[in-house]
Amino acid sequence: MGKQEGGGEESLPPLFESRRARFIGLYKVFASTILVGVCLIWVYRVTNIPRAGEAGRWAWIGMLMAEFWFGLYWIITQSPRWNVTHRQPFKDRLSHRYEDKLPGVDIFICTADPKMEPPTLVINTVLSVLSYNYPTEKLCVYLSDDGGSEFTFYALLEASRFAKYWIPFCKKFNVEPRSPEAYFALYSDVHGIKYGQEWLEIKKLYEEMKNRIESAVATAEIPVEIKKQHKGFSEWNLEVAKNDHQSIVQIITDGRDINAVDNDGCRLPTMVYMSREKRPQQLHNFKAGALNALLRVSSEISNAPFILLLDCDMYANNADSIREALCFFLDEKYGPEIAYVQHPQGYNNLTKDDIYGNECFVINAVELAGLGGYGAALFCGTGCFHRRECLFGRKYSKDYRGHWNIESQKTIDRSIKELEESAKTLISCSYEKGTQWGKEMGLIYGCPVEDIATGLAVQCRGWKSIYYNPERKDFLGVAPNTLDTALIQHKRWSEGLFQIFFSKYCPFIYGHGKIHLGAQMAYCIYLLWAPFSFPTLYYVTVPPLCLLHGIPLFPKVSSLWFLAFAYVFIAKNVYSIVEALRSGSTLKAWWYLQRMWLIRRITSYFFAFFDTIKRQLGLSETEFALTDKVITDDVSKRYEQEIMEFGSASIMYTVLATSALLNFLSLVWGTKRVVMDRHSKALDQLISQVILSGILVLINLPVYQALFIRSDKGHIPSSVMFKSFFLLALACLMPIY
């Protein structure tokens, strides 16, 4: 999809344009010089292997293998950088051309646990999408509650009532963002707001609603008079448990009803609560199963041609994001071949310099944009608009035009009760047995990152996908604010991604001849996170151990070979800084990200590798670890101060602390050797290893503070410190071959 010169009809201007990033040619030349340096490093390693019997021979061979993997992985990372493509929609043209026949849009929001994902968090996402700048009669919002909680249902019911005030308020004053919690946090008082009186009234209504919901959750009881107000509460009269309950479908607001209006007399969007049937003996396929259930229920109730998928903590931050996405789908020339439009994940709770590296500035601005340039944007699970037919397994054909402007007639004469009852049968435990759901239809089962596998499968059916990264983030969520949560999240991701590499959906097998080679390589940047832990772990342990024993592993500073190592190290890091700054990051945030990449590789990715192998051998089953969205005040305070939160005796911290202590000891001992032992030419031979240990010590400064200085609850427990000292002693006593 290159830059458009015209639409499907020559007289119509395009609804979006694509443009390649500037200076790609110059970057290719620069990258080629690094490649030369990488090849020279490989040549040096191969031609200077110590002879049999010499000290450090096997350590040297290990360095060769690690550096070969580093170089190969770096080559893979170049594939998206050589094709970075930016998209620009023209929503004014869309409005001019299609305002009277805009298609329906179904919005899916998933939640799974009312304790880890509080109902007030969920309904803020719901309210943000209910108030989109889009014809409300063409919006239908579905909430999938895998926790089967009556408190989530109650919160949604409260949100439907508050929406009668919130939607007209947002549209009257063009409010942004349209999540009430985010909006009132951004504008904390009435000063400077022209519509002050209405602002105060709507804030009071919101606070009252929020207090009612939180009070019900805190007391674990919904008042009887409230339960009498809606028939839906009868679903919880039976014994309903989180993983053992019947199918529940409740249409809270019926958008077909001309009497279902807001305070300005405008029609309200349809709102549907759904909780699929769950039984302890039945496999429920986690989020993928919930989304597939939503696909079937929505096809029965609204059947909109386009779908937006959102996590329950990812509220809409741009009231026009539907219109922007439709510019891609409805473009006369390229629109019919587009299956989905993926937005980057943004967060509203980041610290100034993003201490846990959550924002992924370079991934969002460069790598994902490069994949989008191949028409193979990653499907990331949230913030993604889909063409319904594609999720139902349809293959692309050149004569496809998409009948998005035809209204569904199937629900016109059916009552709410009829729709609810027919929808319930579609989400029973037995419905999918013997069908293609989870295989050729819907999201793919059997993997914790079902979104990536599903996106690849859609692309291999001939469809293109768009990555759209607007200046104002269209969706904002909650980033992990403790190290433990961040590492568990990355462990889950890297585990699922590595499973895909081992499965039939490996891009080099499943995508061969179907998607561009550059896209296949770019997919592997993420699929190979887990095995990338080994060369990294080797590099942070073996060189410092060899330094302790006086064994050099790098060329002498006086050797010409040293220039290749120095150039690759300096050039890669200088460009990495430039790339980060151009992507919107800061220098300090870049440094924090280097720390997090190191920590993730030697902890999350390392353990994810072994867990994946165990699953491949059938020794364990796939699990899904939900990210907790609730934290205490003291944890929140340390997060805002950008103080790393440890606080647990996780085995990951034992690995991290042992590595940090080893490099500190190595730096002290190596510096002494270089300074004191002048006659052995230690400076010329070992300075590279001293510098490496020095960099690793700087990276690990928060670890030393958490081990020896801090006394708050976020420090590293003494049990971890003792284990780390024991492992350090064992490592230092090991002979180096």
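Placed from the backbone N, Cα and C atoms, the Cβ positions cover glycine too.
Automated prediction, rather than curation, is the source of TrEMBL annotations.
Marked as active site by TrEMBL: D146, D451. The UDP-alpha-D-glucose binding site annotation in TrEMBL covers E117, D146. If you look up TrEMBL, you'll see K287, D311 marked as Mn(2+) binding site.
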Integer Å value for the Cα distance linking D146 (active site) with K287 (Mn(2+) binding site) is 8
For D451 (active site) and D311 (Mn(2+) binding site), what Cα-Cα distance in Å is obtained after rounding to a whole number?
12
Could you state the CA-to-CA distance between E117 (UDP-alpha-D-glucose binding site) and D311 (Mn(2+) binding site) to the nearest Å?
10
CB contacts under 8 angstroms to D311 (Mn(2+) binding site), restricted to the same chain and 6+ apart in sequence, sorted by sequence, are I109, C110, T125, G381, T382, G477
Ranked by how many other Cβ atoms lie within 10 Å of their Cβ, the recorded positions E117, D146, D451 are led by E117
